[in-house]
Amino acid sequence: MLRLLGRVMSFLPMPPPPPPPPPPPRTPGGPAARQLSRRPCAPPAPSPPAASAAGGEKKRRPPEMLLSSSWPSATLKRPPVRRGPGLGSGTPQPATSARVPPQPSPGRGGTSTTCSAPRRVACSHIPAGSTASGTSAGAGAGPDDATRFSLNLTPEAILVIQRRHLEKQLLARPRRPFPTPSADPRLPLVPCPRTRASTLRRGGPTSVPNAPLAVAVSSRPPRASLLPGGLQATLPSPCPSSLRPVLKVSLLNEKHKYDDEEYEEEVEVVDEGLVRKCTEWLRGVESAAAARGRTGHLDSLPHLSTL
């Protein structure tokens, strides 16, 4: 590789000699301007010393460093990149070191432009995890970093995020407390007006000693439903004292579960054929009982032949 680079360097053309320094600029205006400059109040023009200083710097530079922007010379003369002990060959450089612009040396004018371009391009391919420290600092982050970042989510991920947000909102809402039943088993529940009216209309036992239990059974607390087995779904209380009142209510619900429903009496339909067969059967039985003493056992049952 070094031999190939030496051959390439041998075929490079010789650099031309440095150009002569530019002449000092002439002041416009001709002799009129010269006459004005001879006055004592006019300040001296500072442009000729600056031009002569620039010409002196160009003279001091060596002739071989003026045109050193070719690829072999730039890559050979560039110092190696310094890497920390934790960074390997495959890991990218941090964003803070990549965003710092390289300081151009006084003798290398063209190499700074050729080396800084690939470093800035490689900065955009650094993953988001490594650029987090650089963006949080805010010193080297520019306005183009915010526009460069883009987050693409699938529709399933968007639905999951929305569902979790709704669940958090529902959990954050204050819920109304449920009405707790009284812990004292001796206090009866408040009767429902519908069941009270139906009990009075039917003439139910109100003066019986078991009347409070019947009233307590017929009156169910709000939001309580009967289960298929006749048990009543009671709301959970924070401190259940005993299961005795719940047991009484469940047993009485099983006994009086049809109290709220009213049935109409059906009109009886008489089947004349069935009545006629029954009367004939009864007549045969009577005649058989009358002739029991004079005939045999089978002859006394004439109705069996009709079957």
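Going from the start of the chain as shown, residues are counted 1 onward.
The backbone N, Cα and C atoms fix where each Cβ goes, and this holds for glycine too.
Given the structure is predicted, the values throughout are model-derived calculations rather than measurements.
What Swiss-Prot records as omega-N-methylarginine, among ARG34, ARG196, ARG202, is residue ARG202. Checking SER70, SER124, SER250 against Swiss-Prot, you find phosphoserine recorded for SER70.
In summary, of the candidate residues ARG99, ARG186, ARG223, the record from Swiss-Prot lists asymmetric dimethylarginine for ARG186, whereas the others have no such entry there. Of the candidates ARG26, ARG108, Swiss-Prot marks one as omega-N-methylarginine, and that one is ARG108.
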